[in-house]
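Asks: I'd like to ask you about the structure that follows.
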């Protein structure tokens, strides 16, 4: 929020009271989830169509309060063309004492990758450009020591020019319940996260990119498991059962025993699975969909893969400023998280306006 307090107005939408600065007009509900509801709006100050998210009960518990702080800190830090960033954050409150609501403003993104895949089978050039942008965004995110954890087609926004932004970081760790059954939340998950095999690292996101890329090339979900076990079977049928060196790394004894009880399967020849695909695309998939996360390609390495030769530019694949996540290990009271969040709202400086955006 800027130092001079703007004039706010109130309206009720979908049984929720929205209290927003006058610059945001024509609010119309576009969706709601567990963590808030979202309206599309017109920003009269910039001429941009924006998404305004009102967080739901941001400070109702310590977990909520910490999640609210985490989301604001993350969004404030992200400054990259392929990652959703924060255009504005505001509260109608005039002081910390009356601070209870947080509104986040981001670009309004039209379609997501889900809509795109459903509509058409993509050309190889489209796939190159889309996956290149995901990896370019991931290189930036990973350089700040952040793991997305929940990359899937519905979390990737794409505009008419095929420009892509990564949305919705895995801020809230998914509950077991949300991961159960025939659900997309799980289809793109790396096996080590899905099955709690071990401490995971950033390459969980690379596994997800491999699943997404395979889907763009074929028009079909790669591992549409009906449950955790079915999903693991689909994965192992393609990549083969783990060898002794990987089994040693799985810290969960029950997971080790279960895997050892399965019939040994060799890795399939990816060229026979992705028939007709660009051989370079197949080669990259083989480097992403590796069961052993230590041997999976990184985002930075993948950008330099021959498949992206026409897009790769090492001087235009930036990394992030260091991101201080020491708060993650802190145990604070609700009011302390709330006060930290209030400081972040008040100290927000809007990003410089991009001329191209204003003309579009």
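Heads up, the Cβ atoms here are built off N, Cα and C, so glycines get one too.
Sharing the features that Swiss-Prot gives for it:
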MOD_RES   2  phosphoserine
MOD_RES   2  N-acetylserine
MOD_RES   16  phosphothreonine
DOMAIN    24-308  domain 'Protein kinase'
BINDING   30, 31, 32, 33, 34, 35, 36, 37, 38, 53  ATP binding site
MOD_RES   53  N6-acetyllysine
ACT_SITE  150  active site, proton acceptor
MOD_RES   152  N6-acetyllysine
MOD_RES   180  phosphothreonine
MOD_RES   182  phosphotyrosine
MOD_RES   263  phosphothreonine
MOD_RES   323  phosphotyrosine
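Surface or core, plus neighbours and distances: that's what I need for these features.
Replies: A sphere of 10 angstroms centred on the C-beta of residue 16 (phosphothreonine) encloses 14 other C-beta atoms.
In sequence order, 14, 38, 56 make up the list of same-chain residues 6 or more apart from residue 32 (ATP binding site) whose Cβ falls under 8 Å from its Cβ.
Over all protein chains present, the Cβ of residue 53 (N6-acetyllysine) has 22 other Cβ atoms lying within 10 Å.
Residue environment of residue 150 (active site, proton acceptor) contains 22 other Cβ atoms, counted within 10 Å of its Cβ in all protein chains.
In the three-state DSSP classification, residue 152 (N6-acetyllysine) falls within coil.
In three-state terms derived from DSSP, residue 263 (phosphothreonine) belongs to neither a helical nor a strand segment and is classed as coil.
Mapped onto three states, the DSSP output places residue 323 (phosphotyrosine) in coil.
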Asks: Does anything in the same chain, at least 6 positions from residue 323 (phosphotyrosine), have a Cβ under 8 Å from its Cβ, and if so what?
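Replies: Same-chain residues close to residue 323 (phosphotyrosine) (Cβ under 8 Å, separated by 6 or more) are 77, 144, 145, 146.
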Asks: When the Cα of residue 152 (N6-acetyllysine) is compared with the Cα of each of the recorded positions 34, 53, 263, which one is closest?
Replies: 34
Asks: Return the count of C-beta atoms lying within 10 angstroms of the C-beta of residue 263 (phosphothreonine), excluding that atom itself.
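Replies: Other Cβ atoms within 10 Å of residue 263 (phosphothreonine): 6.
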Asks: How many other Cβ atoms sit within 10 Å of the Cβ of residue 34 (ATP binding site)?
Replies: 8
